[in-house]
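Participant: Before anything else, here's the structure in question.
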Amino acid sequence: MEMTDIAAAFLQGVGIIAVAAILHEITLRNCPSPRCQTLATVLVFTAGVAGSMTVPIELQPGLLFDLRHVFLVLAATCGGWPVTLVSTGSAVIYRLLEGGAGASAGVAGIIISASVGSLLAYFGIVKRQTLLSRAIIGIAGNAALLSVFILPYPVALAVLSKVGLPLALANFVGIIVAAQIINSRFSQIAREKELLTQAKFDALTQLANRRVFDEQGPALAETIRLLEKPCSVMLIDIDRFKSVNDTFGHPAGDEILRRVASIIATNARKGDLVARYGGEEIALVLPDQDAAAARSVADRIRKAVEDATMQIQGISLKVTVSIGYSTVRQIEGAFPAALQEADEALYAAKAAGRNRVVTAMAA
């Protein structure tokens, strides 16, 4: 066995790893749900394992080497147990079909790599950006070489003495390269998702921001109108919020706003649009909710805020909200008018003494 053969097989394997990493990144970007991402990762890693096993080098008759172990070690980190089980099972079946004197050792190596990969995933080692973690990953990639001792002892020693070092080096470099590629992809996607989150959500309350409300609110109301269902819009304002800021400071005001926002979000449905509208105002679009249903939601939110215990600097504060709401008319483009009516109703609730709910019709 020439070193050039091992080098050629290594380069082929690295190419397969690079292609698999790109495909994995594409799946993470385009799959809309965790289930879709898991399924796509299963397919990518299984294909990567199979691709690596199609370009092996034969150390001795029936004794094969390839970079399948790179995928098996990283499977659990990238996709959890579904990816580990499917890729491992596929590799075992493939190796048994290849047959040869080294089939049992090959299967044992596959199981060893998958087990080691599961341990690395459990302790989160692959995703750590340290020299120690890289060394651990590289060493872990060579655990499968122990499976050679399933063969007769003289054969195992002969194989390891002849090609053990270059094989270990190939596995070491291959697994580190793959981990680095995958981690860089993970980091890039995570940064992009963070930027996307910052563009859509209010940093303080974690509600949708004003931009999202202005874009999605009218569209949501129009969609509901086309379905010939009711839709209501609601504006909520924290009473005497300026006094909290003036008395206890803005950090205390921020905490009150966060608590109230959390209560409102908890009392909203999954399909409702809840957004920080500006300052201490929070806006909601309630699809499939007529005036009576919207009133029920508003009363529930008002009472939940009033009943909540809010401690600021060791002092219990009674926090209340005023709420105005309106039902969107069944005509095209009626959302802005409904929002204006809800704002007028909110103003009426404030003028009437606060801590109350007012509908646009009563305003």
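Cβ coordinates are placed from backbone N, Cα and C, and glycine is handled just like the others.
Grabbed the feature section from TrEMBL, which reads as follows:
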{"type": "TRANSMEM", "residues": "6-26", "note": "transmembrane segment"}
{"type": "TRANSMEM", "residues": "38-57", "note": "transmembrane segment"}
{"type": "TRANSMEM", "residues": "69-94", "note": "transmembrane segment"}
{"type": "TRANSMEM", "residues": "106-125", "note": "transmembrane segment"}
{"type": "TRANSMEM", "residues": "131-151", "note": "transmembrane segment"}
{"type": "TRANSMEM", "residues": "163-182", "note": "transmembrane segment"}
{"type": "DOMAIN", "residues": "229-362", "note": "domain 'GGDEF'"}
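Explain the structural surroundings of these features, please.
Facilitator: Tertiary proximity for the transmembrane segment (38-57) is limited to same-chain residues at least six positions away from its ends with a CB under 8 Å from its CB atoms, namely 1, 5-6, 8-9, 12-13, 16-17, 19-20, 23-24, 27, 31, 64-68, 70-72, 74-75, 78-80, 82-83, 86-87, 90-91, 94-95, 98.
Residues 13, 17, 20, 24, 37-38, 41-42, 45-46, 48-50, 52-53, 107, 109-111, 113-114, 116-118, 120-122, 126-127, 137, 140-141, 144, 171, 174-175, 178-179, 182 of the same chain lie 6 or more positions beyond the ends of the transmembrane segment (69-94) yet place their CB under 8 Å from a CB of it.
With a cut-off of 8 Å between Cβ atoms, the residues of this chain six or more beyond the transmembrane segment (131-151) that come close are 63, 69-70, 72-73, 101-102, 104-106, 108-110, 112-113, 116-117, 119-120, 125, 159-160, 164, 167-168, 171-176, 179-180.
With a cut-off of 8 Å between Cβ atoms, the residues of this chain six or more beyond the transmembrane segment (163-182) that come close are 1, 3, 6, 9-10, 13-14, 17-18, 21, 24, 59, 65, 67, 69-71, 73-74, 77-78, 126, 134, 137-142, 144-145.
In the predicted structure, the domain 'GGDEF' (229-362) carries a mean pLDDT of 95.
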